[in-house]
Amino acid sequence: MTLLYILEALGGLGLFILGMKSMSGGLQKLAGDRFRRSLERVAGNRLTAALLGSSLSALFQSSSAACILTVGFVNAGLISLYQALGILLGTGIGTTLAVQFIAFKITSFALPAIFVGVLLKCFCTRRRWVNAGELILGAGLIFLGLRIMEANLLPLQQNALLFGHESFLIPKRATAVIFGALLALLVQSGSTAVGIAMALAGSGLVSFDTAAAMVIGELVGTSVITAVASIGGTLEAKRTVLFYFLINLFAVVVVMVLFPSFLRLVAVVSPSDMTASSAISRSLANAHTLFSALNACIFLPLVGFFARSAPRILPGRQGVAGVELRTVFIDPRVINTPPIALLQARNELKRMAEIVRTMYAEMADQFFRYDAKKASAISQKETAVDIIQRDISDFLVSLSRKPLPPENSYEIPVMLQLVSELERVGDQAEAVLEYLRRKKEEKLVFSTTAMTEIRSLARKVQELMVLATDTIDAPQGESEEKGRMIRNEVALMRDAMLNNHLKRLSAGKCTVRAGLIYADMISAFAKIADSCLTIIETKREFI
């Protein structure tokens, strides 16, 4: 019989989690775009950032989801550590809205809410009503799940073998905090973990004090979830989650030391007998609200100090040749949020363009003085370009499988084309570098005229390269016309150089071996120019 109670309680937990996800999905569809647009207005105001964090957390019905999205913003380069910490501190307050909602215990309305939600979701044609139905259905499932959990946990209180003493379940206050953190980590939602703590306390399996410690521990669990989300992210994202974790850990330790005083403070804002079964959920919700509000009030004024201290506490490391051999902006975890994912892809594309532009400029300098060490560093940049091209392409292909607005779905093939052309430029730049290396090692000599001509060609192609990379960042109306003009000049220079080269060969002023490398260099520069013009034309077509 005990096993049946446990299984039914787990079934109630499943309904509760399903309800949280359904309500979150409905809220996101009803108001998600407005919240994403509000990100642009956060600026540097820490209070506005905290308000946005609260809104995101309430929107997703999960502080962990809001925190992961915020880490995605940092990875995309959309917000700074300063802004992100403000948002993250606000997420705890937003979660309290969900917790206070759960504490209403309007379980008698659970089944009617499910009925209304199903009607709207299945029989309405207007998208807004369908989304509202999903939200109402989720709310009904939450309260039905809570009712089932409490109904099946209550008989277990009488089972002396399992729960004859509370200490068997959660022996100490510190353990209760850890248990709450692990629970949040397991269900991937802080508000869900608090709901479970309410069910345990409401059924008498744990005392109010223990449940309150579990509620506080939920915040640490959310921090760990956020830390996991930063794995493979940018240095700024890692700094953000480090400070968020340390802030929450410090706050939890302080509250545990002053726990009796904290409970007295909760009693002030709670019903007269906060340990009574009828009031215990509201009292736990108030404990969560009080802790989150105090945490934000204490640490929000210190956000600027944390942002300034971050580089000293977690200094950065450069990759080979000063370039990370991986993507730094894109994060597969936000692939289900296409607008943010596209912003990340755009930023990574701009980064790739800047690497290729720098790589070309450094390669062109090798015509004046070849340096094997610098040439090796340039080749390492080309390795980074290949890796970035692969990862961006995989990311965009995955994104293309998600439902996207028409204007965004058109952008994906354009970005794939741009990434491909940039990678070709990198390949040809490395090819020119290889020709220079062979010229040096084989002690081949170009005539003074030949060197002057190829340096001029490299400078002319560099003009087109700068124009192409600038177009990726900020397209200009005259870019295509100017690009065609430079490309035509490159073609004329190439033809003239090849003719002059043949004349020098006939006159015996150039060896055949040197002549072959010279011709290959000219061909590589022409291919770079072609790719640059394709970049300009491709970007122009999308505007």
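Keep in mind that glycine also has a Cβ here, set from the backbone N, Cα and C atoms.
Bear in mind that TrEMBL entries carry predicted annotations, made automatically and left uncurated.
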With TrEMBL as the source, which of 80-102, 149-171, 356-378 is set down as transmembrane segment? 80-102
Quick test of your reading of TrEMBL: among 6-27, 50-71, 512-533, where does it put transmembrane segment? 6-27
Tertiary contacts of the transmembrane segment (287-307), defined by C-beta under 8 angstroms and 6+ residue spacing from its ends, are 46-47, 50, 80-82, 85-86, 89-90, 92-93, 95-96, 99-100, 194, 212, 215-216, 218-219, 243, 247-248, 251, 255, 262-263, 265-266, 269
